[in-house]
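Visitor: What TrEMBL shows for this protein is this:
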| type | residues | note |
| --- | --- | --- |
| ACT_SITE | A:52 | active site, nucleophile |
| BINDING | A:110 | substrate binding site |
| DOMAIN | A:7-104 | domain 'Pseudouridine synthase I TruA alpha/beta' |
| DOMAIN | A:144-243 | domain 'Pseudouridine synthase I TruA alpha/beta' |
């Protein structure tokens, strides 16, 4: 028995998210079927965490147990030969049997891309969220510092998820302007349901002057109604998982 | 009568190219139909030049004559309201009646994006050309200087086009590595049929050691068989047209 870790990039546009489910195609299902085709054995692919419908990944991590003898360095090409163009295995590693892509994860890093332009731009339209309003980037940059550290992020969680605690630690967050793009990156020990997308929606509302409350006060309120809207999935990328 | 110049961005993936033709959808046709919907008059949209099937643009320029009284600054939003997501008008200007998007053009700038990575990458897969071989970027950078100036670029023209002369002037060319991407930009007074894509294919063959002849000698040979292959359309962008 071998425990194989794979790193995955995917375009989430045409999927119902990572997790296997009825009535919609999931990334998990497509990769499990590709692995079946090359190993002839059913596998249970464990990821670092589900991503929602439409969310992308450039560094999702997953693992599966197999008796296959395919050399580890051949794993990506072998699986990729059975995958559609919007999913790709971009790395592989043989890991200890107790490695678990979800439970062993220590940190995750997400990226969110806002296209801040007067008119919509066709190129990369599936990989960014178009905001046509003027955004005060300095104001947004000034606010994000309140996210750093251990906080109760209850105000930034969509309902419909059950978690033991809404306390999470953010280690790093940045906002950078590159031409028409505004790129947010955020790293933490874990994220609540829709947390990154609600943080982004709140920052956009702050940047365009629709919300005048500081992020600090919104965090302290623990009230979802004080935060902004949930920005769309198409701008969000799971960038890296740390073990 | 007014002469309206528009700047256009498009994702060429799902089109048979710029020019109107039977049996395939063209970008020209889609925009002309959108203009018809807002002005109720048929127009003849003249572009700076056709782009081939699958080629993108981030700064295509076109003009049309109209009696419409729509204020010039409202033109992009008006046309965009009738366009699909993969085409967008990103600028507009009222120009003199003798302005002609093709004949008045003085220079054009193209961009070509190579994704140079071991494995295919789903994100941006429609906006780059994947090359998995190791490429010697320094060698490629060293060769491009021979493109600068006035040359007979006959070796870099696909058959099937009739032109009076194959002499063109290149004003600027650069190759830059940004992570996994290799970005070539080239500016000239005009380009032969498939010229940029053959230059890129030749540079890739030079970069991976398949062609050992210098670009200088290939240009001088005026022989298409000495140059490399025609790289695919998906990596090519018409970036800017100068008037």
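Note: Cβ is positioned from N, Cα and C throughout, glycine not excepted.
TrEMBL does not curate its annotations; it predicts them automatically.
Could you place the listed features in the three-dimensional structure?
Guide: For the recorded site, residue A:52 (active site, nucleophile), the DSSP three-state label reads coil.
Cβ neighbour count for residue A:110 (substrate binding site) (all protein chains, 10 Å cutoff from its Cβ): 25. DSSP assigns residue A:110 (substrate binding site) to a strand segment in the three-state reduction.
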Visitor: Could you state the CA-to-CA distance between residue A:110 (substrate binding site) and residue A:52 (active site, nucleophile) to the nearest Å?
Guide: 13
Visitor: Do you know the mean pLDDT across the domain 'Pseudouridine synthase I TruA alpha/beta' (A:144-243)?
Guide: 96
Visitor: Inside 10 Å of the Cβ of residue A:52 (active site, nucleophile), count up the other Cβ atoms and send me the figure.
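Guide: Summing over all protein chains shown, residue A:52 (active site, nucleophile) has 17 other Cβ atoms within 10 Å.
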